[in-house]
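Below is one structure, written out as structure tokens; comments come after it.
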């Protein structure tokens, strides 16, 4: 039994000894040490694998994230199949938050890359190189070897020929074999760090290549070929390529050349119709001026006086026609009744209604067409309807202008001939008596005018004013005095305009004595047909006195600084007094107005005090101009009350004496 016991023990003892050895071995080999050994063995196998692995089978492609920058890469095998995205890489957002900038996370497709964190790029130079067109794979890549989201596959690292070309394009000479060896050494170092930190349960973060945000290209730009380097070069900003500069810098708008104008050749009607038409505007203006209709023509303008036509020949103009009476009383049928109508038209050259050929050419000289009819027989209307508008229109040409007169009245032209000669260097043309065809480059039918006996400097050529007009008239008639002021202590002169037929001064002698008592030298004149003699007399005086009428028009010859006293008859004629009130002030004259009382009017001897002539002057005016003219202008004379009138004379005298200080 003992032996049996020993044998049994012996046989069982061997087994027991084996168990004891295993137990001792299990106590000696801890799990941790076992894992280390296992990993070490795995590293040996991996190193052997890398020494014989062919990297042509691996392609690395950038996977754009939502913002297109700093996304992980996906590996492809040689057949073009994707080996799996984000293998072993941590969340890119976590990596970005830990690194503090946008980055590119590079992963491989095998177990080693997940555990060893093999670096795939180094430095910003690898992300800023020039590439090909967007979405185009590198040479040698499979047809479908394009990353998702529009990324471009990077060229194989193991091909010496392609690697050389790639590095030459980027200006970097690399040794591919050295890069692989350095990458293996870096991978082994990273793996050791990861193993040593495995006891605390933490894992190393994925490899993140930081990029300077200022150098990150726009999402639409290409991603260059990454280069595997151990030491990343310093971050520096790469200037944009010439292609990028062309895209950013746009050509300035002002440098864009205009579209060349197509010039038509030939004179056929079809070519003329196809010619580019310039913006059309009316040749005549019937709306802007309440006093006159006028037309203005530029180009090939032909005036045929005998036919009363003014024609613009222009292939780009449509056939149009207007009828104009060139006199500034268009609303007054009585004044316009005897004014000749002028036909203004435009026509193409080959029109059936074409203008006649030119017989007289006026090179460089414009023409003004106007009428001397209407109310020009009245001295005031002669100035406000023709002389003043003619100055306003023609003065700017300094004599180089041709006057063409419709309704030519020789007696009237002769009366104002000095004015015409001062404004034009050429003889006047009587349109109705001239059968020639005069051709000009510029013609105006109808004169420029603003208001009765007035100029608006803001609308006139060269800013002409009524002061300029009076100065022109004094120069035309060679009048010496420009300033109303006593000379060498002489008494101021008062010119009293004595009307012969209507609105006469019934107490003229008393008025003269009253003026002399105030200090004036009184001069009485009725005026005559000739303008020049009365203009000379007016210029020798400082103050003009007269009842409302055309005679006050001679104030234009008074020297600047003089005074005008207008006596307004009975009958609510203040509105007609305005024909001289405003113009006198515009001429630089002191204007004084005296409105007579009923006792100073001769109407008090013709009608009883309760007659409508005194009680209802508005009712008389409402019957028309003829009724007003007959009652208040044709049948009324004036007898001034000198006690009432003398203060006005004193004001005029004081005004003129004050001008002595201006000498």
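Counting starts with 1 at the first residue shown.
Positions of Cβ are set from backbone N, Cα and C atoms, glycine also.
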(request) Choose the correct range: of 11-40, 41-70, 191-220, which one does TrEMBL annotate as region 'Disordered'? Give that range. (result) 191-220
(request) Check each of the ranges 237-256, 257-276 against TrEMBL and return the one annotated as region 'Disordered'. (result) 257-276
(message) If you average per-residue pLDDT over the domain 'Glycosyltransferase 61 catalytic' (379-565), what number do you get?
(response) 95
